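Colleague: One structure, pasted below without further comment.
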Amino acid sequence: MNPVLALSTARRILTQLRHDRRTVAMLLLMPSILMVLLRYVFNSEAAFDRFGPALLGIFPFVMMFLVTSITTLRERTTATLERLMALPMGKLDLLAGYAVAFGALALVQVSIVTAVSLTWLGLDLAGSVWMLFLIAVLDAVLGMALGLFVSAFARTEFQAIQFMPVVVMPQLLLCGLFVPRDEMAVLLTWLSNVLPLSYAVDAITAVTGTATVQAGLLRDIGVVAGFVLLALALGAATLRRRTP
Amino acid sequence: MMNYSVAVDRLHVERGGREVVRGVSFGVEPGTVTGLLGPSGCGKSTLMRSVVGVQIIRAGRVTVLGHDAGTRAVRGRVGYATQDPAIYPDLTVAEALRYFADIVRAPASDVSRVIGEVGLRDHADALIGRLSGGQHSRANLAVALLGDPEVLVLDEPTVGLDPVLRDELWELFTRLAAAGTTLLVSSHVMDEAARCHRLLLMRDGALLASDTPQRLRERTGESDLERAFLRLIQEVTT
């Protein structure tokens, strides 16, 4: 593990994004716009308070999944990955670079959408705003790691996009956003128990709902962090120095 | 074999169920330019990938600077440029080179040095994706030159370049070799072959010849290397 290489990689990725202002604008503004839309679709503060917090965790997850799966797929198909693997670049350095770059981007994204939600939209935050940031960034890194992993199974960007309904949609349906997890059929509850987004949404709901940090919250954060490490390990396994 | 910078011993590589490198052995002496020649699809690129250590090989051994190809000990000491540019199109030339310079721990001044060496000084701040084909491939070549690697593996570095630039690049290669760098350069242009110290003629995954340009001319009785190559193919197939 070499922090210099990880930071160089993060800087490189952020520089690439800087040349793509449209993507940055959409990444940073779309969650807030959707949140405003949601607030007025419900047109009721109570309903918004129920759905809003979960979305603060879901947006960074979905967006970072998409952005990373495309970015790493490009890295694979343009052979820059092969070039990096032929150089003194560690797989962990590369992954850490991605995590730092997209984690930082997620932090900005979450800050904007949280600020908009708390001020303009009147969302109530009972817990710590730092805890909220921590969970949201963790969600972003989770989306990033999963995106990196699935990019190994796509040959084209078209295919990579198709992984969104495969990986993201079922988690979205089962995470407790639409129906509380314990009210679903047993089989579905079990299924939701093994999906990372369920814990991310539980954690973020707990932070916005209660002021005290409870054991359940710490456990949820721990579970999400565990999934992040697992997804990063799976992602690292798809980076090969030698290919056929 | 101890004195070779690159030593390939009975190398076999399979790609997509087909044997594309069939028992190739050769050695590259330090401080020389070795030309790898042969028609497209003959296995040149696969052989170069094996030397860099990114190719899964079926049998044989590739040693670079006394270590197995692609191992940690040699990764930073070998510069590699693929035929298709492997460089970020959404960065400027200088930005991309700065990133790769960080990776090989080259001094910051190396970025402007290699930009000058490949003749891209006027395009240092241009986005790579907007460069012409020839400029793009020179940016790709510049990455390989960062950090003064001891071994350079260059896959068709001059393809699509105008004759003046090609000449300049070959002067650079000769100069680097004189300073001690070992170069393995693939090409299918025969007038470039004449500028190599040694030639490897490859066809259908096997080496037809490994000799100096002068000796190849003498052996075949042809003064033109293109004709000498043809003569060798005829000798093998008849």
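A Cβ is built for glycine as well, from the same backbone N, Cα and C atoms used for every other residue.
Annotations in TrEMBL come from automatic prediction, not curation.
Annotations per TrEMBL:
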- A:14-242: domain 'ABC transmembrane type-2' (DOMAIN)
- A:24-42: transmembrane segment (TRANSMEM)
- A:54-73: transmembrane segment (TRANSMEM)
- A:94-123: transmembrane segment (TRANSMEM)
- A:129-153: transmembrane segment (TRANSMEM)
- A:160-179: transmembrane segment (TRANSMEM)
- A:221-239: transmembrane segment (TRANSMEM)
Colleague: Six or more residues out from either end of the transmembrane segment (A:160-179), which same-chain residues have a Cβ under 8 Å from its Cβ atoms?
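Modeller: Same-chain residues near the transmembrane segment (A:160-179) but 6 or more away: 51, 54-55, 58, 61-62, 65-66, 69-70, 73, 146, 150-151, 153-154, 188, 191-192, 195-198, 200-202, 205.
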Colleague: Verify whether three or more Cβ pairs under 8 angstroms connect the transmembrane segment (A:54-73) with the transmembrane segment (A:129-153), leaving out any pair fewer than 6 apart in sequence.
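Modeller: Touching, yes - the transmembrane segment (A:129-153) and the transmembrane segment (A:54-73) meet the threshold of 3 or more Cβ pairs under 8 Å.
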Colleague: Report yes or no: does the transmembrane segment (A:24-42) come within contact of the transmembrane segment (A:221-239), defined as 3 or more CB pairs under 8 Å with a sequence separation of 6 or more?
Modeller: no
